[in-house]
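Engineer: According to TrEMBL, the protein has these features:
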TRANSMEM  20-38  transmembrane segment
TRANSMEM  58-85  transmembrane segment
DOMAIN    61-261  domain 'ABC transmembrane type-1'
TRANSMEM  97-117  transmembrane segment
TRANSMEM  137-156  transmembrane segment
TRANSMEM  240-260  transmembrane segment
Amino acid sequence: MTAPLPEEKKRIRPPRTRDYAAWVVAVAIVAGLLYALVSNENFQWDVVLRYFTAASILDGIGITLMLTAVSMALGTLLGLVLAVMRMSSQAPISGLARLYITFFRGTPVLVQLVFWFNVAALYPNLAIAGHPVDMNALITPLTAAIVGLTLNQAAYMAEIIRGGFAAVPRGQFEAAESLGMSEFTKLRRVIIPQTMPAIIPATGNQVIGMLKETSLVSVLGVADLLQSAQSIYARTYETIPLLIVASLWYLIMTLTLSVPQSMIERRFSRSSRPAIKVKESLL
């Protein structure tokens, strides 16, 4: 047996001294920050622990999650409609969608929320199915929050969905049409599977962003997580501890949502545009 050539021998990597030094510096900085936080009595960590699982805080978390889920679901459905309108070959329909998207993406969410909360000042009464409806009774703080978040989110989801469809090569549409597929079959078996790598990861980012945006509804008096914390420190004057409680819960929820989002992104990154095989059974 011949001895291995020098180039075939396993190369020995030198110790990465710089990496070790960087880790030491990073750990020292983090330890210093933690010590500064824990040792400062003004943070009142005992108050943080006392209110961390308070009933009103947990109820506020439920409202926050409900607003996130409902607004994202409705915003995605409306965004799909807007995306289809935006891709329409008819200029008036495409123009209306473009105008909607431009307006709701170009104005602050907080301004939109306050507007919908006060829309009864413009239309005190509204006729629905021939019956007058008092807008002050219809547009509650919670209703205004859902409407405002939904309409704003729809503008962003429309662009995400449109971008997903734009990522599909035109030849895929033509191939599906040449095989005589119906519109539903074409979308379900050929087009939509190829849009998912572009749509799903971006939608995950929007969900996390929506979770944090729900804190804006506190200005309307909706009893979300932030408003619940504000209600407590308005009575006890323990502002900083309650803001820490709210921040920790937002961080926990965000990190929890980030786990499946990261898994989905890794899954779709393996094949950003999977090949779609059309079986003979579809002919």
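Every residue, even glycine, has its Cβ placed from backbone N, Cα and C.
TrEMBL labels come from automatic prediction, so no person has curated them.
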Engineer: Give me the stretch from 20-38, 97-117, 137-156 with the greatest number of Cβ pairs under 8 Å to the transmembrane segment (58-85).
Structural biologist: 137-156
Engineer: Taking residues 6+ outside the transmembrane segment (97-117), which of them lie with a CB under 8 Å of any CB in it?
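Structural biologist: Distal contacts: 82-83, 85-86, 88, 139, 141, 144-145, 147-149, 151-152, 154-156, 158-159, 213, 216-217, 219-220.
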